[in-house]
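As recorded in TrEMBL:
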DISULFID  C135-C199  disulfide bond
DISULFID  C148-C209  disulfide bond
DISULFID  C179-C189  disulfide bond
DOMAIN    110-210  domain 'SRCR'
TRANSMEM  87-105  transmembrane segment
Amino acid sequence: MHCVVPCRNVGLVMHAYPIQCQFENSEETTLWPALEDEEGGDYPCRKSDYQIQRGCLFTGTRNELRGNLGKQLILINWSLARNMSGGYCLISCVLLLMVSLSVGVQNGDMRLVGGERAFEGRVEIYYNGQWGTVCDDNWDLTEAQVVCRHLNYAGALTAVVGGIYGQGSGPIWMDDLSCEGTEKDLSHCLFKGWGVTDCQHAEDAGVVCDRESSGNNSRVYTLDHNAGLCNHMGALFDSGRDCDFDIMVRVSNSTVETICVHKLIVTLDPNASILNTTQEENLSNLNLDVSLNCRPHVTAFLRYLYTRQINVTMSSAQCIHKMASNWGLKQLQEAAGRLFTWLLPDDASFQTQTSLYEYSVRTGDPVLQETCLRYLAWNCESLIRSPAWTGLALGTVKTLLARSDVVVPDEAFLLKGLEDWVLEQGNSSTHEDQVAILDHIRFPMIAAEDLFNLKAKSELYMDQLERYNAGMLQGFQFNALPFQTLAGGRLLKKVEYTPRIYTGKPWSFTFSSKDVNTFRYIGHYSHSGQNFNSLSANFDSPVHNSAFFSLFKKLNWNTRVFIHNHECSNSGIHCPSLPMVSLTAQNKRELPQEYQDGIRYLNKVVLMCEGEFVFHVQDFASTIGNGGNQAQIPANITAGQAYPCHSDQFSYRVVVQPVYTTEIKEN
């Protein structure tokens, strides 16, 4: 489809001028977009005689043009490009959506709307000639399975509630659904009746389906930035027709391939560094230096300059990011960097994660550095147990240990892992290097008994006698002195007096994936030999990490995971989204008042995917006293999950994290 528009009054505020578009297999037509006027309103949609005859009504905004052409819905993204001959501007017309409005759609057909990817979105069902939504009352994974299987996915990962994917505009066709999970579509499930509901569109239900994948390296992610060029530009690149600029692909300073491109197209991005190079030096060719493993991805990268679309896999992500960085293509560089979020969990050996972090340091990409480092911090226990641990660079270890979001059983585990790393380095690790990383160990967070045993158990103790003795003294002071003494000496302002995320006993409780799925499908949960009709449990923890508080009665915590809407309503609790976790200290008020006010709890929920890796850590709201009571768990990565879990087999681990209320600052 080719479109042109007159170039008058092109600027931040545009006026409605007709656009001539040639659709495939049809004659040329005139489209009138409804654009913003100077007062911020919209021009009314105008129609040409041709459109009235065809029943074609087009409306739109600054960036969109919609129309009903015959029996097809057309959604076109369009944008102005540079001046062309004849006083016209080329319009990039990208056909994003073409759905039959009446032919082939049957009652009960379903679709997903509003998601960033094809396998997620708001559930809409077709009935009586109109698409409508489904209320999230009683909406859970059983109903979601029916939707996903109907849409030819393997199954459902998450049932999404609360209108996460935007609010629908049509009728709410279904409410209070009850499915067995084997139905052909939702219309075969029990529900109130078509259009019978007391819901609003803020309660529109959604799903995340389980897309099929066949191995780590074969998973493909599509980055589509197609808003600036026509789809046929890809065919132009493939043909090489009328190309006028050579890209010399070099590996180790030797030219291995020459690719002919169109200079005008590859230099369209005004911010790309290649534009300045070719203009200033008036070149007819350019060297593109790549590593041997990146050579297979050069053609796809250059084709992106034409189409703004590229497929990225684990094996190509780093190469695409590197070439985009060198070329000055910020949009592609940032998108490829964000895509590492999807790639990091795919390697249980941690070789990919550590190499990507080292790459991010070399390229100076702070966003990519944080993406990689946070994953390593959250999965530090598995990292320490992996072969990759002792191969980490000194700088990586120091940066990792400086963080407070490191997830480990306890600080003693982290110290033992650090000692193993030092011993593996042998003579390559200097005394000063060892001191530098030992300075990041938080000795006050080590239990008093473990501190006492360090002299006998540590293989590094005699080599670092001074540092260990100083750390042990600091730890014993913390465990023996009351809060008021420590606060008066301003010791608590140091970061070593703050806990990391300790998942060992007695600071955590875990609902396993087996517990969660048994409750989801059977409706009961077994714990300590008892059956419960809710996914809830009680556990005890000390008041604080300091042994000083061993004299006080332990805190009793109640924790619960809410999976279904009816659990919330039956408990008189408002659940903005599901799943949701609650954690409440039952007997906090039994403490003396000065300690009630002097301690707060920065509690966490740690989510682990299939028992293999931590993919999300969620805070409870931090407050003085009991800490936050509820934690909303993002339903999928587009709703806020840090890393993807392509499974519904994940566990919830609640972690108690007490800190003194004195302000804490990093060194």
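We count from 1, first residue shown onward.
Glycine is treated like the rest: Cβ placed from N, Cα and C.
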Intrachain C-beta neighbours of C135 (disulfide bond), sequence separation six or more, cut-off 8 angstroms: I172, M174, D175, D176, T197, C199, E203, D204, A205
Local Cβ density at C199 (disulfide bond) - other Cβ atoms counted within 10 Å: 18
Packing count at C189 (disulfide bond) (other Cβ atoms within 10 Å of its Cβ): 17
Cβ atoms near C148 (disulfide bond) (within 10 Å, other residues, all chains): 24
Candidates C179, C209: member of the disulfide-bonded residues with the richest Cβ shell (10 Å): C209
Spatial separation of C148 (disulfide bond) from C189 (disulfide bond) - C-alpha basis, Å: 15
